[in-house]
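Feature list (source: TrEMBL):
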{"type": "TRANSMEM", "residues": "31-51", "note": "transmembrane segment"}
{"type": "DOMAIN", "residues": "43-308", "note": "domain 'G-protein coupled receptors family 1 profile'"}
{"type": "TRANSMEM", "residues": "63-83", "note": "transmembrane segment"}
{"type": "TRANSMEM", "residues": "103-122", "note": "transmembrane segment"}
{"type": "TRANSMEM", "residues": "143-164", "note": "transmembrane segment"}
{"type": "TRANSMEM", "residues": "200-223", "note": "transmembrane segment"}
{"type": "TRANSMEM", "residues": "243-261", "note": "transmembrane segment"}
{"type": "REGION", "residues": "336-386", "note": "region 'Disordered'"}
{"type": "COMPBIAS", "residues": "374-386", "note": "compositional bias 'Polar residues'"}
Amino acid sequence: MDEETNNLTNLLGMLDCEYDEWEPSVGLIPATYLLIFFLGITGNGLVLWASHRRRDRPRAADSFILQLALADLAFVVTLPLWAVYASLGYHWPFGKFACKLSGYLVLLNMYASAFCLTGLSLDRYIVIVLSPGPGHPRSPLSSSLATIIMWASAGLLALPALIFRNTGQADDLWDNRTLCYMDYSTVDGSSQTHLWEAGLGFSSTLLAFIAPFCVILFCYIGIGRRVSGHFHLPLVASRKRRLLAIMVGLVVTFGACWAPFHLVKSIYVLMNAEVVPLSCALHVFLNNLHPYVTCLGYANSCMNPVLYAFLDPRFRGHCRRLLGCGNLFKGDREHVEDKEKKPGAGSSSTGIAADGNKPTKVSTEEEEMACMKDSTQGKCVNGSVS
């Protein structure tokens with residue numbers, strides 16, 4: 001996690017720079033880690049719980065949401081260790097194995113989250129833009145295969161943490177701290193360390209941020225253009241607003257959370273490789289800024305449940321039933337029920353026909369999006385595929 005900070009501090013020493021940590025960082029960084037931990041455990045745990053207890057037919061996108069929650073949950077459980085590490089002035093008391101495993105889970109989450117979001121975007125793009133129609137369901141095998149490929153790729157790309165992470169004493173004789181850092185000397189001499197840092201640093205930025213962000217942006221621009229042609233349809237209005245809210249939240253949050261982290265890391269790598277002129281002032285600034293942009297990137301793990309699940313009315317309904325707090329949302333539920341009773345209103349996951357006897361057809365997200373595509377041709381009835 002903090003290999004850039006530790007290596008940067010060592011380089012500062014070689015340049016005779018004066019390093020002083022920003023005073024608020026001592027308490028603020030550990031507190032932020034713990035806040036992300038509690039929010040991430042609660043939000044992602046609720047996603048897993050609701051996914052396990054739900055009884056209606058799952059959507060294809062639900063698989064990616066579930067995998068995203070698993071990746072975020074596996075990562076946030078390590079945050080108490082990093083909080084202790086930061087609160088002790090970056091002293092790691094947990095041993096080498098915990099250092100390697102925690103570092104591995106950090107990278108695994110970074111890749112798996114990016115791949116999940118990319119898969120979710122591609123899934124919706126295929127359903128809304130490319131699919132021939134609602135009568136062409138996808139095989140569950142394709143979803144399972146995508147999940148296997150995603151986790152295998154993330155696991156392999158995160159292996160450098162298991163290989164290079166190590167614990168060791170700080171360089172200064174007076175400093176008895178034990179650091180958890182990336183030690184490239186195990187495979188090459190110290191003269192080539194910056195090449196390993198540059199290669200791994202830029203590859204992670206490319207594969208975990210730039211490429212996924214471009215794919216996500218492309219997919220949601222295409223989706224936005226597709227659904228924009230149906231803005232005038234009352235049946236589509238609420239679904240359009242919900243979909244656009246998720247799309248905007250996806251792109252903005254993913255970019256805002258991870259762009260500063262990768263920017264700071266890339267500038268550091270370029271300085272260490274002597275591509276960018278060395279500057280004590282810039283080194284000290286980046287060294288102090290790094291924990292904050294790291295917190296911002298990690299915060300994406302507790303925001304994902306809000307963006308990809310809590311904005312979904314069907315998921316909110318599952319959570320209300322699981323938590324037994326349906327009465328708190330009585331007004332919202334009555335609003336949904338009123339819509340279901342209106343002629344032409346879309347069916348919900350628990351919708352009942354206006355006569356109170358015959359249940360309406362349960363529509364999945366794929367069917368709803370297909371209705372957006374085909375509604376101008378009269379292929380949808382009451383929000384379901386006819």
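Placed from the backbone N, Cα and C atoms, the Cβ positions cover glycine too.
Predicted automatically and left uncurated, TrEMBL annotations should be read as such.
What you are looking at is a predicted structure, and each value in this text was computed from that prediction instead of being measured.
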PLDDT averaged over the residues of the domain 'G-protein coupled receptors family 1 profile' (43-308) = 84
Residues outside the transmembrane segment (63-83) whose C-beta sits under 8 Å from one of its C-beta atoms, at least 6 past its ends, are 1, 29-31, 33-34, 36-37, 40-41, 44-45, 47-48, 51, 94, 98, 101-102, 105-106, 108-109, 112-113, 116-117, 119-120, 123, 143, 146-147, 150-151, 154, 298, 301-302, 304-305, 308-309
